[in-house]
Amino acid sequence: MTRLPILLLLISLVYATPFPQTSKKIGDDATLSCNRNNTNDYVVMSAWYKEPNSIILLAAKSDVLYFDNYTKDKISYDSPYDDLVTTITIKSLTARDAGTYVCAFFMTSTTNDTDKVDYEEYSTELIVNTDSESTIDIILSGSTHSPETSSKKPDYIDNSNCSSVFEIATPEPITDNVEDHTDTVTYTSDSINTVSASSGESTTDETPEPITDKEDHTVTDTVSYTTVSTSSGIVTTKSTTDDADLYDTYNDNDTVPPTTVGGSTTSISNYKTKDFVEIFGITALIILSAVAIFCITYYIYNKRSRKYKTENKV
C-alpha cells in the first residue's frame, strides 16, 4: 500500500510544469492558493509543505494539524473542506519565509473502488524582497556622504641658516588590500621638520594629505619627517598620524561585514518526502477504514430494523 503513493509522487515530479511566483516585501502578508484538476473525486486530505523537506500542515475535514514549529498565528489555513481551492496566508513575512511551497490533494473515487487514492501536487514560489543594504553597511561604507577635503600648500621654507645638506625621500603610494576592498593612498606633500645642530633653528611645514578611497569616503593622513644634522651624520625620522583608523572596523580581517540575506532559506527538519507520502497514505487508509466500518454498521442496523418491522406487521 505504501508503494502506491510513492509511485504517484514520482509520476507527478516527472510531469511537473513550471510553477507560478509570488513576490512580496518583508513585513507583508502573502496568500498562496492552488486548484485541483480532478473535480469528480472526493478529497480525503489536503496538505501544505515547504521544499526541500519541511511539512507545514495536514488538513482533514475541519481538523488542521501543524508541524515543524508552524502555528496558525504564522500561517492560517483558509480553505473549507473538500473545496476546489486550498489557500494559506503567511503573515509578517521575513527573509526565511522565501522558498517553494507545495500543496497536495489526496482524493478517493466516489465509486465502490475505495482502495484507489489519487494524488495531485502543485508548487508556488514565494519571493521576499529585502533592502539592498542595512544601516550598518551605510555607516561603514560611507556611501551616503562624501566629506569635504581641504588642502593647504606649504609656506616658503628658509633653510639659509642650515649648515649641512639633507635629502628628503618621498614615500611611494601605499596600497592596502583587504579582500575586495582597496584603499589607494596618495601623498602630494609631506610635513617637514628641519633642525640644524649648529644654528638650533627649525622650520615646520604641515600639510594634511587626502587619501582617496574607492568607496566614496575620504580621510586624511599626516606624515612628518624630522631631519637632524649632527657632526656624525644625518638622521631622518618619520611620524605618521593616520585618520583612516576610523575605518579599522571596516578593514579588520577579523571582522565580518554585515550581510543581508534575501531569497534563500535553510530547513533543519529531519522529514523527507518519502515520510510525508507514507504519513498521507496511512492517514487516508485509516479514514477509509473508518468510513467502511461505519457503512457496514449502518447496513447491519438498517437490515435488523427492517426485519423487526416486518415481524411486527405479521
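Using the three backbone atoms N, Cα and C, a Cβ is placed for every residue, glycine included.
Feature annotation from Swiss-Prot assigns signal peptide to 1-16.
Among the features that Swiss-Prot reports, domain 'Ig-like V-type' is placed at 17-121.
Taken from Swiss-Prot, the feature topological domain 'Virion surface' applies to 17-278.
The feature disulfide bond is assigned by Swiss-Prot to Cys34-Cys103, with sequence analysis given as support. Other Cβ atoms within 10 Å of the Cβ of Cys34 (disulfide bond), summed over all protein chains shown, number 24.
Note: Asn37 (N-linked glycosylation site) has non-local neighbours Glu120, i.e. same-chain residues 6+ apart with C-beta under 8 A of its own C-beta. What Swiss-Prot lists as N-linked glycosylation site is Asn37 (among others), and the listing cites sequence analysis.
Taking the Cβ of Asn69 (N-linked glycosylation site) as reference, no residue of its chain lies under 8 Å away while being at least six apart in sequence. Feature annotation from Swiss-Prot assigns N-linked glycosylation site to Asn69 (among others); the stated evidence is sequence analysis.
Positions annotated as N-linked glycosylation site by Swiss-Prot, on the basis of sequence analysis: Asn112 (among others).
Taken from Swiss-Prot, the feature N-linked glycosylation site covers Asn161 (among others), and the record attributes it to sequence analysis.
Taken from Swiss-Prot, the feature compositional bias 'Polar residues' covers 193-202.
Here Swiss-Prot flags 193-214 as region 'Disordered'.
The annotation N-linked glycosylation site is assigned in Swiss-Prot to Asn253 (among others).
Here Swiss-Prot flags 303-314 as topological domain 'Intravirion', drawing on sequence analysis. Residue counts for the topological domain 'Intravirion' (303-314) under DSSP, split into helix (H, G, I), strand (E, B) and coil, are 11 helix, 0 strand, 1 coil.
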Query raised in the report: Going by DSSP, is Asn69 (N-linked glycosylation site) part of a helix, a strand, or coil?
Result: coil
Report summary line: In all the protein chains shown, the tally of other Cβ atoms within 10 Å of the Cβ of Cys103 (disulfide bond) is 24
